Structure formats: C-alpha cells, structure tokens
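Novice: Below, the features straight out of Swiss-Prot:
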- 94, 104, 128, 219: substrate binding site (BINDING)
- 219, 243, 247: Mg(2+) binding site (BINDING)
- 279, 280, 281, 282, 283, 284, 285, 286, 287, 288, 289, 290, 291: NAD(+) binding site (BINDING)
- 135: site 'Important for catalysis' (SITE)
- 186: site 'Important for catalysis' (SITE)
C-alpha cells in the first residue's frame, strides 16, 4: 500500500465546492499520520467553459493522469447548454481513462427514510458497464427537420468489454458475505447483445463456484427492486440499463442525497474518479444547505479502492451514526455536518 495519496480535486459547479471541502476534511482526518495527502485542485465546469470555451483538453487529461485518484463534486449548470459538460467533460474523461466499471452501492442507512413500506433490508451494489452500450456516440441522423427524419443510436457490446466488467462483478460478489450475483439485461428481445452478455456471464461464472447467480430481465428487476430489494447482493448490467436502475436503487435507499459512486479503472492504468450521485443543485449553492454525506461516502469508496479498508469502514460507520442521530433534530449546515463527521472519524 502506498503511504501517500496524490489526489486530483475537482469541486466543479454549484454545491460541488461546498461538499468537496467537507470530503477533504474527513479524508484528512481518516488517514493514518504516516500517510501524506497531496491535493491539486482543477477548475473544470461551467465557469471555465464560459471563460475559455473549453471543457476538457488533452493537456488536462495528461495532468489528471499523474494522480492516484480523482474526487469530483458536481458538474452541470443551467447556463451551459444541455449535454455540453456531460459529453465534453464527464463522458470524455470516462472514455479517456477507461472507467469501464461504474460502481454504485445502495444501502439503507440508519435514520434514512425509504419510500418502500416497512423498513426492508437494502444492501447491494450495482456494477454498471461504463464505456460501451448506446453511450459511445455510434449513430446519427438524416433528413433532420423533415417529416422523414431518421435517427439511429447503436449499442456497442464487445466480448472484451463485457467479460472484464462481469469478472469485476464476480470478484465483488465473491468478497461479500452473501456471494450472490444477478445479471440484468433483456435477452428475450435484445437477442444479439443479450445473449453475448448471458454467455459470457455463465462462462466466467464457472471460475466462481461459490457465487450464486441468477439472470433477470430488466423490467422484472425494476419490480423486484421495489417489492423485494433484499434479494439483491451484487447486480451487473450494461451501460443503459445500469444508468436507469442505479437511480431507482438510490431512490429506494434514501435518495441521491446520500448516494455515492465510483468510476473505476480496476487495472490502475488511469486514476479512478469518485463522486456523489447528486447534481450541482444551483438553487441552493452557496447557502450552506447541501448535505455532504454522499461526497464523504464517496471518499470512503476512494479509500477502499486505494487499499485503505479500515479507514473507509470508519468513515462509513461515522456517516451511519451521524444519520441515525439526526432523526427529530433541526437541520444542520454543510459545515456543521462536515465538522461533526470529521470529529467522529478522527476518534
């Protein structure tokens, strides 16, 4: 394990500045005294776009590549046309750094309300393929603006891309107590891509005899996520289905305000990026109202990815305890929550 962490910090837009500041405080408190934390802040997002017209240049990628990991606050602002920052920054970074595993833990934490009846046991992880499917930009339009307009959006699925994300999901399932893995797709209709996913899922599964597996159509999965969320342990799925069901998973486990995520390059060839699922929330930016818990839980994912398991667990335990103690109490500011969690983590 490296005894230093060289971290790229991207506060981004809106509340990103506020929540990332709290995440860094907790990160510093969690690290052992002999681990040196070095950070470099990058000004990406709406402000830079308006000033320069740039989102993410090749020189930016070269600079980011020198770091061990990336912590992102939020990217997005209503002053920028829709899709400009998403494609020009987020997707460009994902493809450039081969972040082919999008990791989304979904756990109902103490003191957090779920819209589901009762208080079901919710503790699973979605492993979403991040660099293929219909998000590769493979498509086009003709006869645009006419009654005969045609648009195509091609879903790209390769055996190489599928196998590596499926293998990652099996390894994560193997490491969890329940050792269960579900493949979610729609292979009865999307027969070409669906059968490729299914065949590779079954073949890789032969190497993981301790992992119990099942296949589930995506429409059935959305039902079971609501009616039987406790049946899930690890889910692996493609880019599009993963984009949809991870938001449903966040909704049933307390909302995106406490949802963390990681965009992972498991090989370590490029730094992985960790971020809260919530957006930039420009309507409350600068008011101290943003809850930094999702960012702080993303810091825990970052530490676990870098090999600091005990420190990651300590952060998660601190957030759980803090959430449990909030019930029935007045809302606190962003700084107050961050300060309280920093004290808990520091011990």
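Just so it is clear, glycine is given a Cβ too, placed from its N, Cα and C backbone atoms.
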Novice: When you put residue 94 (substrate binding site) at the centre and draw a 10 Å sphere around its Cα, which of the binding-site residues 247, 279, 281 have their Cα inside it?
Specialist: none
Novice: Take the C-alpha atoms of residue 279 (NAD(+) binding site) and residue 186 (site 'Important for catalysis') and report the distance between them in angstrom, rounded.
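Specialist: Computed Cα spacing between residue 279 (NAD(+) binding site) and residue 186 (site 'Important for catalysis') is 29 Å.
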Novice: Run through the Cβ atoms and count how many others sit within 10 Å of the one on residue 128 (substrate binding site).
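Specialist: A count of 27.
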Novice: Might you list, by sequence position, any residue in that chain lying six or more from residue 219 (substrate binding site) with a Cβ less than 8 Å away from its Cβ?
Specialist: 186
Novice: Out of 128, 283, 287, 289, 291, give those binding-site residues positioned within 10 angstroms of residue 243 (Mg(2+) binding site), comparing C-alpha atoms, in sequence order.
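Specialist: So far as Cα distances go, the binding-site residues lying within 10 Å of residue 243 (Mg(2+) binding site) are 128.
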Novice: For residue 247 (Mg(2+) binding site) and residue 287 (NAD(+) binding site), determine the Cα separation and express it in whole Å.
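Specialist: Approximately 26 Å lies between the Cα of residue 247 (Mg(2+) binding site) and that of residue 287 (NAD(+) binding site).
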Novice: Would you please pick out, from the binding-site residues 243, 283, the one with the fewest other Cβ atoms within 10 Å of its Cβ?
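Specialist: Least crowded of the binding-site residues 243, 283, by Cβ count within 10 Å, is 283.
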Novice: C-alpha of residue 135 (site 'Important for catalysis') to C-alpha of residue 128 (substrate binding site): distance in Å?
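Specialist: Their Cα atoms are separated by 13 Å.
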Novice: Do me a favour and check the Cα-Cα span between residue 128 (substrate binding site) and residue 289 (NAD(+) binding site); whole Å is fine.
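Specialist: Distance between the two Cα atoms comes out at 31 Å.
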Novice: State the three-class DSSP label for residue 128 (substrate binding site), counting H, G and I as helix, E and B as strand, and everything else as coil.
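Specialist: Where residue 128 (substrate binding site) sits, the three-state DSSP reduction gives strand.
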Novice: Excluding 219, 243, 247, which residues of the same chain place their Cβ within 8 Å of the centroid of the Cβ atoms of the recorded Mg(2+) site?
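Specialist: So the extra residues in range turn out to be 218, 222, 240, 241, 242, 244, 245, 246, 248.
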Novice: Could you list the residues of the same chain, at least six apart in sequence, whose Cβ is under 8 A from the Cβ of residue 104 (substrate binding site)?
Specialist: 125, 126, 128, 242, 246, 249, 250, 259, 260, 261, 277
